[in-house]
């Protein structure tokens, strides 16, 4: 079994890439003016290639249970975490208009994308990556339905429109290729082009995370709020991981699905809520307090939860 230190060493490159992103922003080699175009390139081209490559010829995704439980668990668990955060935040004295909605939104969303993918590959290898990408569809559905209701009280119609995007289209095509056998017969040249794009997605995504964080590091004192930081860390790094591990232990699912749940449960808060809070009239500083607090503490807790998850779920 992997030791705590082996797991810690395996996650350090992820934090290293984020740190490089911070450095690139400080040196003005990746400027804020370029963020929108780089993000569009990652989300609409590179990340869809990563999804398609890992789904189009994946035996684990021919298991019907993975196709059902993976997205369903992402949708239900993330939605439940946001709703629980809403009630807990209200019990602690937060109110609508003073950060309650943003706190619940940010605390309920884990870093299910680039961060989780990097750690899954480092610890378990590529076999479960396709299952994780299908799981992430449920996470996306949760964010753009329950999430926007929690954050801004918007209609479900507006949220569902967000689900018709490049990654979802790539997933649908990848599943079609996988189930029909076309993935195994794809021309080598086309597969190589897709692969070259796919391998760029995670490094560039992590660099962008670092660039996003840097904006808030210029005012370090504002990033720590006794109530917001403490409670979000207790929820995201203490309570919510237990939910994922219980599901990994007792759900009638594949080994790949269990690995996905172990990794997702250990994740700190995701970066996406910072940008979404800004766009939908939330309070991005509160989202940043949740994200920075859980990410920094996560350096210590992520290996603990992964080690505990492997030992308990496999035991």
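Backbone N, Cα and C define each Cβ position, glycine as well.
Caution: TrEMBL annotation is automatic and unverified by curators.
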State the residue range annotated as transmembrane segment by TrEMBL; the candidates are 6-24, 25-43.
6-24
Let me spell it out: take the transmembrane segment (286-306), skip the flanking residues so only those 6+ beyond its ends count, and list any with a Cβ under 8 Å from a Cβ in it.
2, 4-5, 7-8, 11, 15, 99, 102-103, 105-107, 111, 119, 123, 213, 216, 222-225, 228-229, 232-233, 236-237, 241, 245, 262-263, 265-271, 273-274, 277
Which stretch, 112-134, 163-182, 229-248, tops the Cβ pairs under 8 Å count with the transmembrane segment (67-92)?
229-248
